[in-house]
Structure formats: structure tokens, C-alpha cells
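Here's the structure, in C-alpha cells; my notes come after.
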Amino acid sequence: MTLLYKASAFALAILFHLPAIAQQESPSQKKDIEHVLVTVPIHRTNAETALPVTVLTGDDLRNNLSATIGETLASKPGLASASFGPSVGQPVIRGQQGARVMVLQNSTSSADASNISADHSVSVEPVLAEAIEVLRGPSTLLYGGGAIGGVVNVIDKRVPVVVPDQLTGSAELRHGSVNDETTAVIAINGGSGNTAFHFDALDRDSNDVEISGRAAHEAEETTEGYIANTDSKTKSYTFGISQVFDKGFIGIAVNRLDSEYGIPPGAHEHHHDEGEEEEEEEEEEEELVRLDIEQTRYDIRADIHDVIPAIENLRWFFTYSDYEHQELEGAEVGTEWTNETWENRFELVHKPIANWHGVIGLQIKESEIAAVGDESFIPETEVSNYGLFVVEDFHHGDWSYELGARIDRDELKPGSDIKNETFTNVSLSASTLWAIDDQWSLGVALSQSERAPVIEELFSNEGNSLGGYVEHVATSAIEVGSRELDSEQANNIDLSLSYKTDSFDGYLTLFFNDFKDYIYLDNTGLQQGETDILQYAQENAEFYGVEFEATFTLASMLGGDIMLTVFGDRIEGELDTAGDLPRMPPQRIGSRIEFTQGALTSYLSVIDADDQDKPGVNEEETEGYTRWDAGVSYRLEMSANQEAVGFIRLKNISDEEIRNSSSFLREIAPEAGRSIEAGVRYNF
């Protein structure tokens with residue numbers, strides 16, 4: 001805990017001492033319009049809730065954009081990316097990932113297969129986002145058990161909510177040198193009368209990613225300077241239309257996503273019995289694995305306000321998604337995954353009653369998930385989730401309070417003769433925010449959250465036995481489910497202190513998450529051939545850490561402003577008896593200095609990550625790194641409603657070899673090397 005205390009003390013020093021430096025606000029500094037949170041049903045700004053929230057919008061989002069959600073968020077405190085080559089970057093929130101982190105598209109699930117396996121990409125495109133909201137910590141109250149680690153909500157304009165006065169939109173073209181990636185994006189918003197429409201399209205094409213040094217640490221045969229089979233192609237098209245009236249709107253959107261990407265060599269190695277090795281060795285050396293993804297998604301959204309005196313808003317979110325991907329082994333289809341999902345979400349926001357203002361919600365989700373092929377290790381399963389929740393807030397003087405409760409019922413119905421499983425879970429939360437004065441605020445958030453086991457935890461290799469187990473090639477292990485698993489329970493506390501003026505914005509958050517019956521993969525000590533056999537088991541676990549960020553004006557010179565941001569995080573995760581949990585992010589500290597003069601903006605940033613010397617059982621330690629990035633952009637006002645923005649960004653300037661401790665592939669696939677990215681964006 002010593003390093004944790006040091007990090008907390010350093011963050012407190014920033015909060016208490018730097019505001020004095022930033023007291024004098026630059027006359028030229030612009031006031032930003034605060035983003036109103038969409039992910040929280042009682043819509044409010046970030047400063048009005050005790051929940052730990054990260055929001056990326058505007059230039060902050062554009063400067064951090066990457067091809068994956070995880071990489072887009074990775075520079076923010078408490079967040080990281082679980083990479084599996086450059087095309088896969090699943091978000092990590094306070095050390096939680098996979099089935100414990102829910103990725104949403106406009107407040108309904110991404111409806112893909114990313115939470116089942118580490119090599120499956122998230123089907124949500126950050127490049128098309130207007131904003132990304134992250135709830136750092138348990139969010140089961142709002143979105144069910146899959147959000148016990150947190151929520152990432154990617155918000156775009158696919159379902160229009162207003163009719164624009166004139167045609168608006170943007171077009172962007174960017175190119176990155178590290179993998180010869182070219183991305184083209186266009187978005188158009190228009191309408192007439194009561195009808196509004198939206199159209200967007202994305203085309204991205206990349207080659208093998210360049211790296212610093214060798215791809216694999218210890219392999220005798222490996223590539224140097226690049227990672228083979230990491231090229232990708234992605235196309236996405238969206239059209240939405242709405243009818244807008246005085247008291248709300250109703251609209252529908254359809255999206256088509258086609259994506260293909262390669263998996264780094266060695267990630268999908270098969271282990272064979274000795275007699276099979278010589279026969280298949282030559283064939284396997286030439287075999288590369290690729291994923292071919294197709295998804296068609298329909299979204300309906302309706303919002304009606306002030307229909308009757310007691311009701312402030314009625315909201316309806318509906319999503320239907322038909323998702324499939326094929327895992328191609330050379331020219332053959334190894335495994336085909338499908339996920340057909342229907343989701344309904346209803347929210348009723350009532351007007352204040354005795355100063356209590358709140359929302360009652362109902363969420364219904366039905367999914368049919370299947371994997372067919374040589375590497376299928378889960379049965380075809382129907383999954384039903386039903387959730388009923390209520391959230392209420394109360395304001396009294398300088399204090400605001402929030403209480404909430406949710407009950408969930410999860411039903412899993414596997415095929416064949418496997419017994420159905422049903423779980424009923426209850427989640428509770430309470431938080432308070434004290435506005436000490438106009439600048440300081442103190443928040444406390446408490447929650448008790450429950451999560452039902454998911455398909456792979458219950459049914460992996462169901463009905464198989466030693467000698468007939470199917471390997472999960474993404475983890476290079478055999479995973480065996482257990483139908484004896486209970487729901488896991490997390491008791492969490494967040495303490496946050498923030499200070500905000502026109503020229504300074506900073507926060508410090510301490511958190512502690514105590515898990516009962518945490519579900520994890522336990523090494524049985526057995527092997528099938530050369531492959532370890534792991535079984536899902538339960539044990540109590542603890543997660544604790546600190547996050548901080550402070551942004552302030554250093555000085556004004558040459559007609560512009562110099563802004564400095566300092567940030568950092570540290571998290572520990574350990575089981576009661578089995579030791580440290582694997583793939584935890586390292587301790588990090590970083591800073592970013594930005595100079596803005598009229599239309600010109602430039603920045604220099606650095607992140608220093610410590611060694612991850614607590615890798616968990618049977619895992620290797622990961623070396624730390626220092627990553628430097630820089631960029632410059634110029635904004636050209638062409639008319640009152642038109643502008644062009646040109647930008648150049650340098651990433652990983654020192655060409656550092658970065659091994660990501662949150663990645664299954666850190667030993668064979670490091671992160672990208674030095675890159676120059678240039679582009680132009682036209683807004684109208």
C-alpha cells in the first residue's frame with residue numbers, strides 16, 4: 001500500500017497547491033459548455049454527481065481517437081486497453097474487463113461477442129462518436145450485472161433528436177504511418193419540417209503494424225520491426241430518420257458493419273499430442289488466423305416529455321442486432337460465432353415529489369449466442385435478462401443525495417441436455433455530494449452490486465472430459481466451466497475530492513471494491529497434451545486504488561494560453577488465497593502541456609508506466625515504459641458555419657517498446673511503434 005499512499009499524497013498536493021498558481025484566469029480563455037451525461041438516467045453534468053465519471057468530447061475526443069475503444073480511452077485515469085493486436089482493444093476499467101465491463105452504443109449493448117473472448121473486437125466505432133462516457137466502477141444499478149466493473153457508452157447522432165436549421169456535418173480523412181492506416185469518415189445531418197435525418201459512413205484500411213524491435217520476446221522465429229498478419233479492413237454505414245414534435249421525438253436508425261482483421265502469429269497456436277505434431281507442423285507454420293465480422297443493427301429511440309403533470313420524461317430504447325463472425329484458419333472456417341440480440345429499455349422520469357426527483361426503469365434483453373466449429377467450447381445458449389430499477393435524488397442546501405435499487409433475473413438456457421440456470425440478483429447504491437463552497441466538493445458513493453455467471457463461466461467444455469477438451473486458443477489454455485458457480489457480489493466505496501474554477505479543474509478519487517465469490521480461472525495443475533487445464537472457480541477478492549487529474553492555466557503569453565494537465569492512477573487486485581490477479585494495469589503518472597493561440601493548438605504529452613511486478617500466478621512480469629506524444633492543429637474559419645481543421649500527431653515519439661500488461665499477447669505482440677498521423681477535417 002506504500003506506493004498507493006505516495007500517489008494519493010502527490011495527488012492531494014496537486015489539488016491543494018496548484019489552484020493558487022491558477023487563480024488568474026486568462027482573458028482569452030473560453031468557457032466550455034459542460035456535457036450533460038446521457039448514461040445517467042437523471043441527466044446531469046459531471047460536476048453534479050458523486051459517481052466517478054470520465055467524459056470525452058470535442059477536441060479531447062478527437063486528440064485521443066484510435067481504431068479501438070480501449071486505445072481511445074487508455075490515457076485517462078483508471079482506464080486501460082486489453083489489446084490483442086492493433087485491431088482489438090477492449091476497455092479495462094480499474095482492472096476489470098470482459099464480462100464485467102459493459103460497452104453501450106447510445107445506452108444499449110454493443111450486442112457483439114467481445115465479452116466472451118479476448119480476441120474478439122468491440123463492434124462500436126469510436127471514430128463516429130460525438131461523446132464517450134465512462135462510469136468508472138460498479139454500474140449494475142443502471143445496466144445490470146455485466147456492468148459490475150463499469151460502463152462505456154459511445155454516443156453518436158444516428159437517431160436524430162432535433163431538426164437542424166440547415167444541412168450540417170463533417171468529413172475527415174486521416175493517415176497513420178505506423179501501419180499505413182487510412183481512415184475516411186463522413187457524417188451528414190439534415191431535415192425539413194418535422195423530419196430529421198442522419199447519415200454517416202466509415203472506411204478504414206491498414207497494413208501490418210510496425211513495432212520497435214522483435215515481436216516475440218523469446219521465440220526463435222519471429223518478425224522484427226513489425227507484427228505479421230495485423231492488417232485490417234473496416235466499413236460502416238448508418239442511416240437514421242426521426243419525426244420531431246413539440247414534446248419529443250421518435251426515430252429509427254440502421255447500421256451495417258463489415259470488418260476483417262488478422263490475429264498476430266502465435267496467438268492461436270494449437271497444442272497437439274506428440275504423434276500429431278510432426279504430421280501437422282508444416283501446415284500450421286503457414287496457417288494464419290483472421291476474423292471476418294458482419295453486424296446489422298437497428299435502433300429505435302423515443303422521448304416524450306411533459307405529457308402529464310407528474311411525468312417529466314418517457315424514454316424508450318430498442319435495439320435489434322444480428323451479429324456473426326468467422327474465424328478463418330487459412331482458407332478454412334475454423335469457428336463461426338453468432339449473437340442475435342433484442343433489447344428494450346424503458347425509463348420514466350417523474351417530476352419532483354417532496355424534493356425527490358427520480359427515474360423508474362425496465363430493461364429486457366434476449367440473446368441467442370452460438371459458436372459452431374472445431375474451436376467451439378461453449379454450447380448454443382439462449383440468454384434472457386430482465387431488470388427493474390429505481391434511482392432517486394434529493395437536494396438540500398449544499399448537499400445532494402442519491403439512492404437506488406435494482407433487481408435482475410438472468411436465465412441461461414443451453415441446448416442439448418444441459419440444465420438451465422437462473423439467477424436473481426439485487427443491487428443497491430447510495431451517494432452524497434457536498435458542495436463545500438463554489439470551488440470545492442466532496443463526494444462519497446457506496447454500492448452493493450451482484451453479477452450472475454455468464455455462458456463461458458458456466459458451460460465452457462460442458463460434457464467434455466480429459467482428452468476431449470477444446471482449447472480456447474485466445475488464452476492458449478483449456479477452460480472448463482462450473483455449474484456450481486454462484487453470483488458474485490461487490491461492495492464498493494468511492495471517495496472523491498474535486499476543485500473547480502474557471503481556470504482550474506482537478507479531482508482525486510480513492511476506491512475500494514470488496515468482492516465476495518469473485519469468479520476467476522484457477523489452474524488445476526492438469527494438462528491435456530501440453531495445454532494447461534483451467535477451471536472457473538470462486539474466491540473473495542479485493543481491488544483498491546487511486547485516480548487523479550488536474551488541469552490548470554500556467555501562463556498567458558504570445559497572445560495565447562498554456563495549459564498543463566497532470567494525471568495518474570494505481571490499482572491493486574488480489575484474491576484472498578490465490579495471490580495477485582493477472583493482467584492488471586501498471587501504476588502510471590503523466591502530464592500534458594498545451595499551447596493555444598487563436599486558431600493554432602499544439603501539445604506535448606508523456607505517460608510513465610511502472611513495471612508490473614505483480615503479474616499473478618503463472619504470468620510473466622511486464623517492464624515499464626515512457627511514452628511521448630505530440631501534436632499540432634490549425635483551425636481555419638471559412639465562414640460562419642464552415643471550418644477546416646488540419647492536424648499532425650506524433651505517437652510514441654521515442655519508438656519505445658511497450659508491452660501492455662493488460663494484454664494476453666504482451667509477450668508476442670507489443671504495442672505500435674513510432675507513428676506520424678496527419679489528417680484534415682471539414683465541419684459545416
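Don't overthink the numbers, they just go from 1 along the chain as shown.
The backbone N, Cα and C atoms fix where each Cβ goes, and this holds for glycine too.
The compositional bias 'Acidic residues' annotation in TrEMBL covers 275-286. If you look up TrEMBL, you'll see 47-151 marked as domain 'TonB-dependent receptor plug'. Look at TrEMBL and you will find 318-637 tagged as domain 'TonB-dependent receptor-like beta-barrel'. Under the heading region 'Disordered', TrEMBL lists 261-286. Annotated motif 'TonB C-terminal box' per TrEMBL: 667-684, in sequence order. The signal peptide annotation in TrEMBL covers 1-22.
Residues 62, 83-86, 167-179, 183, 209-213, 215-219, 222, 227, 230, 264-267, 620, 641-660 of the same chain sit 6 or more residues outside the motif 'TonB C-terminal box' (667-684) yet have a Cβ under 8 Å from a Cβ within it. Residues of the domain 'TonB-dependent receptor plug' (47-151) grouped by DSSP class, helix first, strand second and coil last, total 27 helix, 31 strand, 47 coil. Here the motif 'TonB C-terminal box' (667-684) is broken down by DSSP into helix, strand and coil counts: 0 helix, 9 strand, 9 coil.
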